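Structure first, then comments.
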Amino acid sequence: MELTARGTAVVASTATAVALACAGTAAWPGLLDAEAGSVAGWAKPVLLAAIMAGVGAVLTTARPRNPLGWLALADALLFGAAALGAQWTRHAPDGDRGSAVAWAAWTADRFSAFLVVGVLLLLLLLPDGRLPSRRWRPVVGAVVTLQCVAVGAFATVRGPAAAPDTSLPGYTLQLPNPVGVLPPGLAGRLDGLDTVLLQLPLLLGLVATVVRLRRAAAEERVRVVGVLLAASTFVLLVVIGHAWWPQLADAFDVLAGALLALQLTATVLGRRPRLVAVLVRQAFVHTVLTVVVGGVAIGIGILLTRRGADLPAFGTAVIAGGTALALSPFRARLARLVHRLLYGDLADPYRALQRLAEQTHREPSIDMVLGGLAASAAASLRAPWSAASAGGCVGTWGHRPADGTEAGADLLHGSIRLGALSVGLGPGRRLGTDERRLLAELGRHGGVAVQAALLAEDVRAGRQRLVVAREEERRRLRRDLHDEVGPTLAGLAMQLGALRPLLHADPAAAADRLLRLQDAAASALETVRRVSHGLRPPALDELGLAGALRQLAESLGLRVSVVAPDAPRPPAAVEVAGYLIAAEALHNVARHAGSPDVEVSVRRTGGDVELRIRDAGTGVEPGRPAGVGLQAMRERADELGGNVVVESVPGRGTTVTARLPIGAGHEVPA
């Protein structure tokens, strides 16, 4: 039966009050009489009970359906009961140490071992109160069951109320276990299973946190990494305290518990207080360094001891200090690594853009740029798959998740969309706000690289077209000279050689042959003139573009009006292309317009030469496909980076407008 909101609040408040009451009652005797017992004997469970009670109260109020708050309250009750029981055994009168004190000792020592189960469940259920996946249920169920059985056996074995290694007063070893039902011989076997059944399963909690880290979105990853660091710091502090400084073990336990509690609260509530993140990060870094420094000092001490040399305390301090100084650079690197694990590229967008630049500038080809962009996006967002597409090309990285989700951004150059950038995410993962912003930023900067690659591709393609056109022109010249001019000149040479004997024998026949040779020479000359005109019409050199067009139009029988303001002559390539485009348009007027009247204008507009040929003919029917001549005009303009526009109205004539960049002519190879 599900509790109502009011019932939930009542239960949470009651549990919190009981835990705090137990902690306060346990602390009271120690505060009143410091001689009655050391602070270390009661401060640790009291402080941990208060900390966990506060965490449980906050979480059950803010997230009543999340079991983590209730687990925290359960741990607080256990800590409070243990603290109260421990103080009871220390302050019980000598004549009143019966069953009640035995129950107190049992609660403080044996029953409190169930805290291990509570800590494991906390680590497994962070941050949303659920296991990483359904496949974890049988494993966790088996481990928790074994732990409960082991702790239950430890709590119910016949023998003393407290274990032999207890920190409680020695007389508690003489009190019988009030719930002892199992054979006393089982106690020895349980001592051997303590590490396997109680300590090693805590590593399962760390594994679960790592699994969540791999699947989490950036904003959730920050919370999960924070838990991982806090849990790792917790384990390290506990190990350091109990192994190296037993007199400070309780202080280390309280510090570790406080850090874990703070991170637990921030994680469950979905908030990321900067102070908590800084505390956890710095605690983890300094704890790791403490372990390294202590390990080096202990290792050197053991090595010297084996060689028969005793290392004084001062020498140990010098070694530890020297090791700490030597590891100072390592501390900064470790801090940066932890910061990167917490925030990834979200905390340092410049790193993501730097990675993007490194990936996309290795090769100028569009395929390599898109592949580098996909790899950079996948690395920055920790995605298993990414793809970038533009200009009909696609670059991918990684393997696309079968049941995953996708997110994308446009590749932009200014306001122009060049393509798309997509990332494939693991099942159930969604990009957070910061991640979407980073993906959009990668799309904007990637668009610049893509635009540069596309322009480079256009330049390479243009150069290839120019090379091909030049070779085709050379092939045509060779064919014209070899197939037409060459045979004609060879025939002339042979006939001239045979003409010498004929001059004396038959002068009349020689004169007739000379006339035929003259016609052949004129034909060869016309062929050479035609080839030369194909390279560059001589009228351009003699009359300029406007004059050459007037001459051509008159030769076609057209009444032409040419408008050409005085201006510097354009480059040769632009002049030839303009002449050939206009010549094709004038030939179309002569063949199809039905009217001999035509207007031709040549003018400079900014950095372009504008040619306009307007006739008064019949025009072109809408939807009529472009012919070979119009296609040739457009290709000539495209070669120079210009364009040709044809406008026609049936019955009102046609206007052909060509714009050719003047600067393009200077870049055309000779």
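Start at 1 and count along the chain as shown; that gives each residue its number.
Every residue gets a Cβ built from N, Cα and C, even glycine.
TrEMBL does not curate its annotations; it predicts them automatically.
Range annotated as transmembrane segment by TrEMBL, chosen from 283-305, 490-512: 283-305.
Away from its own ends, the transmembrane segment (68-88) comes close to residues 12, 15-16, 18-23, 25-27, 29-30, 37, 41-42, 45-46, 48-53, 55-62, 100-101, 103-109, 111-112, 114-115, 118-119, 121-122, 125-127, 129, 167-168, 261, 264, 268 of its chain (Cβ-Cβ under 8 Å, at least six residues beyond either end). For the domain 'Histidine kinase' (581-664), residue counts in helix, strand and coil come to 27 helix, 31 strand, 26 coil, using DSSP. With a threshold of 8 Å between CB atoms, the same-chain residues lying at least 6 positions outside the transmembrane segment (39-61) that come near it are 8-9, 12-13, 15-16, 19-20, 22-23, 26-27, 29-30, 68-77, 79-80, 82-83, 86-87, 90, 108, 112, 167, 247, 250, 253-254, 257-258, 261, 264-265, 268-269.
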